[in-house]
Amino acid sequence: MESTLKEMRGGESVLDLSPKATVGGGVEDVYGEDCATEEQLVTPWAYSVASGYSLLRDPHHNKGLAFTEKERDSHYLLGLLPPAVVTQQLQEKKLMDNLRKYQVPLQKYMAMMELQERNERLFYKLLIDNVEELLPIVYTPTVGEACQKYGSIFRRPQGLYISLKEKGKVLDVLKNWPERSIQVIVVTDGERILGLGDLGCQGMGIPVGKLSLYTALGGVRPSACLPVTIDVGTNNEQLLKDEFYIGLRQRRATGQEYADLLHEFMSAVKQNYGEKVLIQFEDFANHNAFTLLAKYGTTHLVFNDDIQGTASVVLAGVVAALKLIGGTLADHKFLFLGAGEAGTGIAELIALEMSKQTKIPVEETRKKIWLVDSKGLIVNSRRESLQHFKKPWAHDHEPVKDLLGAVKAIKPTVLIGSSGVGRTFTKEIIETLASFNEKPLIMALSNPTSQSECTAEEAYTWSQGRAIFASGSPFDPFEYNGKVFVPGQANNAYIFPGFGLGLVISGAIRVHDDMLLAASEALAKQVSDENYNKGLIYPPFSNIRKISANIAANVAAKAYELGVATHLPRPANLVKYAESCMYSPVYRSYR
């Protein structure tokens, strides 16, 4: 996709670095906790306090009933807690028991957010140890409902809200954040939250959720993470009329006003935190997502998870699936429903990997990939009316009006949905696909579950149990003709936490497509024969920290190879170094 972005920025590459020297890198430990081993004592305060009451209300250091009797005596906690002293494991068991009693996912989400605000280490211990059960709660699909109802469930602000009211004062706003060493920022303007559309200021649930995964799955320290919402208004009439809406009550700013606020934000971030801070754009609408990535790709360390993260995780699934469907990447023909930032991003990364494997120019490998948008198959006769990011996918073919017609005409081996529209992979479409493929690969990627192009049950049933299936949101295992199929989840959480960790530990100052390919290759290698036997093309999330460390090492290695890493000298063993940098949620003993 760098070729498309280069075209947008007049031929400039992210590797055209200025001669300005940059040094440093690694994950800075602002609390001094990980300079010691877990057995050594640390000091929770940098200043003396008259009462431990404040300590119990500091989520970074609070341990609740796990404070030992010695700690209670040393830190003025006597009488502020019941007499019992319990372990972190017992606290975890009690909380999981309580969470499982909730019937409504949103209640579980609210309970988890309350825990994060009360006891940070226990929140991450719970999430890491129960990742497969809790990931759908703190992230998709439940986070989508949380964003829709964010105004009603809003309790305590998380992250920074930068609105048009703060224009001219964005640097001052950043300085209001208590942490000074920020290494990952996830920022949204709320215009295209998942498949739910414009949720304005209430999109904050996405940066908060993403960054909790950066810590739990990728090991980036919580104090180094900053969620940001840029509030330029909303065009959602329902929210504008909602008395509980927490954002600006005005229609979205566009054009120069919008660009000026974003530019002030990007400049302030670099001024306040330096050029090694990773800025992850999240859930921006297509027309802004590509523009921002093109504009700031050569000056900042920027990453768009919807374009690049989705592409990387889907490519990993496709590469892994080759063991089940046979052939090389270049032997297959791809058809996409959806030609937005996700669809075109995935398509470009597949074309790049194909080009890398075959040594054929990417302009040629693109011809194996076809896209369908709301007006039908993208073909040359439509070129003049196409948005810039769709033009590389306009191939020679007569016009085709719908997906079924495209399936019949193109005869793809791989069908990928990134349309944001539910139930668009109909029975007839899947049956047609299965009629000329022994093992069709079907990827229904749209989130949340209600927007998925088809369900796992539909894919397996309509293909008579022959489909290899993966989706964006989780689906339960499904039994067909006596065989249990376990659907894979093409979840960006496989990629972005490890990818971000790789950038941080290498001190990278730019993101390049080759790093995305490196992340995909690392993920695909983590799929075992046992996973393949269940029809899975992704490894289980229970191994996610090991997976993230391998992805981080691969990404960091590529950063060193490309000359954009600043953490020198390069560590001898990057996997071990990545693991050593990962945040541990185990309680520390206080002096």
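Think of each number as a place in line: the chain as shown, counted from 1.
Quick reminder: no glycine exception, Cβ is built from N, Cα and C everywhere.
Note: TrEMBL annotation is automatic and uncurated.
What TrEMBL lists as active site, proton donor is Tyr139. Annotated active site, proton acceptor per TrEMBL: Lys210, in sequence order. Here TrEMBL flags Arg192, Asn447, Asn491 as (S)-malate binding site. The divalent metal cation binding site annotation in TrEMBL covers Glu282, Asp283, Asp306. As annotated by TrEMBL, domain 'Malic enzyme N-terminal' applies to 116-297. Among the features that TrEMBL reports, domain 'Malic enzyme NAD-binding' is placed at 307-560.
Considering only the recorded positions Tyr139, Arg192, Asn447, the residues lying within 10 A of Asp283 (divalent metal cation binding site) on a C-alpha to C-alpha basis are Arg192.
Here Tyr139 (active site, proton donor) is positioned 16 angstrom away from Arg192 ((S)-malate binding site), judged by their C-alpha atoms. Cβ neighbours of the residue listed as 'active site, proton donor' (same chain, under 8 Å, six or more residues apart in sequence): Gly209, Lys210, Ser212, Leu213, Ala493. Looking at the domain 'Malic enzyme NAD-binding' (307-560) alone, the prediction's average pLDDT is 95. Working note on the binding-site residues Glu282, Asp283: by count of other C-beta atoms within 10 Å of each C-beta, Glu282 ranks first. Taking all protein chains in view, 23 other C-beta atoms sit within 10 angstroms of the C-beta of Arg192 ((S)-malate binding site).
Cβ neighbours of Asp306 (divalent metal cation binding site) (same chain, under 8 Å, six or more residues apart in sequence): Arg192, Phe281, Glu282, Asp283, Phe284, Ala289, Glu341, Ala342, Gly345.
Of all the binding-site residues given, namely Asn447, Asn491, the one with the smallest number of surrounding CB atoms inside 10 A is Asn447. Excluding the listed site residues Glu282, Asp283, Asp306, the same chain places Thr188, Arg192, Ile193, Ile206, Phe281, Phe284, Ala289, Asn304, Asp305 with Cβ atoms within 8 Å of the centre of the divalent metal cation site Cβ atoms. With Arg192, Asn447, Asn491 listed as the residues that bind (S)-malate, the site has a largest C-alpha separation of 18 Å.
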